[in-house]
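In what follows, a single structure is set out as structure tokens and then discussed.
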Amino acid sequence: MKFQQLHPNIKIRVVTDFITDIAAMSIIPFMAIYFAERIGPSITGTLLILNVLVSLLVGFYAGHLSDYIGRKKIMVTAQFLQVFSFIFMAIANSPWLESAWVTFAMFLLSSISIGMMNPAAEAMIVDASTKETRPYIYNIMYWSGNIAIAIGAVLGGLFFKHYKFALLIGFSIFSIITLFVILFMVHEVPVKREIAKKTISFTSMLTSYIKILKDFRFLLFSAGSILILTLEFQLDKYIAVRLQSEFFMSFASISLDGLRMVSIIIIINTALVVMLGLKTEKLFSRFKNESILQNGIIIYAIGFAILAFSKSPYVLIMATVLFTFGELLTVPIRQTMLATLIKDDAKGAYMAMNGLTYHIAMLGGGLGLIIGHYVSSYIMGIIFFGVGVAGLIFIQLALLPGGIRLRKVS
């Protein structure tokens, strides 16, 4: 499989996602600090929670709507809002005007844009792909996404504090280019007639999501995904806090504290994904995808279990290699499984509901901090491994009722 052979919509999605992820990682991680300094931590916390909730609600409606009117109209509207938000966010942080409240309003609008875009764009990928091509597609998107995150973090660290205006102007230009690309180069996938004839209303949306909540296999898959993602969110929560309080070593004049160790873990993880992300599919193509998934999740869980208690930098690095390797094996296959499980007449709604798993997993990350306060790090290691195994069991159970099996990718 080669990138040039993919559907034009998917190639465009990979490129636009890459640009969007760079922009997001250059801005979003630093917004909490920006708002806290200007309007206070407590108000900032409330506003950021509101931001997440609004984005989720918009995503539910946009995902449902994209099943009726098609993906492109939603994507164009979302990108237009993104352009508008970046331009006015830049104006609100220009040499002529500085307004935290205008910035927040545009930050909220940007989140609404992302909430609209994601379910429609993800459904479009399923529309324009096959079971055979999806592992490759999700693999390349995962790989390019990690590169974009690394670039975005560097750009944000270098420019956000003192050069916000220039940074935002740059992303405004890229957003305008992306808008024209979507407008003139993305080809709409025809909406089925029996879907298009239905009336779009709040009742129809509610009915659509009630049907999804009755889809037991999808719920099992979502539960498994939440548990696995919960481990990922422990890295900057329980694991980071534990290392900061328990880890320290010095060699000659070089000292290494917990925060620096967490940075090393993140750097190693990102570097390995960038170096090996496109090679894992070829290396393991002769194995059954079910076996790859099972072993990948187990390795992933073992890596996080070790990170939960170890104080040795060498063991921590080994654990990082383990969980990264497990991550590389499982991410494309889990995405392929999701595409296999969703119903054809509600792809957008399913993708919107799937987006909820990310936010629930974030709450699970915070739960790790609470539990870790009461139990030892060794018990947390056992819990982490158990969470990973439970996630694997749920995902395997999701495949059983319909007898769905992942086809081997040659």
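Each residue's number is its place along the chain shown, starting with 1.
Even glycines carry a Cβ here, placed using N, Cα and C.
Here is what TrEMBL records for this protein:
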type: DOMAIN; residues: 1-403; note: domain 'Major facilitator superfamily (MFS) profile'
type: TRANSMEM; residues: 12-36; note: transmembrane segment
type: TRANSMEM; residues: 42-62; note: transmembrane segment
type: TRANSMEM; residues: 74-93; note: transmembrane segment
type: TRANSMEM; residues: 99-119; note: transmembrane segment
type: TRANSMEM; residues: 140-159; note: transmembrane segment
type: TRANSMEM; residues: 165-186; note: transmembrane segment
type: TRANSMEM; residues: 218-239; note: transmembrane segment
type: TRANSMEM; residues: 259-280; note: transmembrane segment
type: TRANSMEM; residues: 292-309; note: transmembrane segment
type: TRANSMEM; residues: 315-334; note: transmembrane segment
type: TRANSMEM; residues: 355-372; note: transmembrane segment
type: TRANSMEM; residues: 378-400; note: transmembrane segment
Contact between the transmembrane segment (42-62) and the transmembrane segment (378-400) (at least 3 Cβ pairs under 8 Å, separation 6+): no
For the transmembrane segment (74-93): best-contacting stretch of 140-159, 165-186, 218-239, 378-400, by Cβ pairs under 8 Å: 165-186
Touch test for the transmembrane segment (315-334) and the transmembrane segment (259-280), at least 3 Cβ pairs under 8 Å: yes
Folded-back contacts onto the transmembrane segment (378-400), same chain, C-beta under 8 angstroms, at least six residues removed: 217-218, 220-221, 223-228, 230-231, 234, 238, 242, 293-294, 297-298, 300-302, 304-309, 334, 337, 341, 368, 371-372
The transmembrane segment (259-280) vs the transmembrane segment (140-159): 3 or more CB pairs under 8 Å: yes
Folded-back contacts onto the transmembrane segment (218-239), same chain, C-beta under 8 angstroms, at least six residues removed: 212, 262, 265-266, 297, 300-301, 304, 307-308, 323, 327, 330, 334, 337-338, 341-342, 350, 353-354, 356-358, 360-362, 364-369, 372, 380, 384, 387-388, 390-398
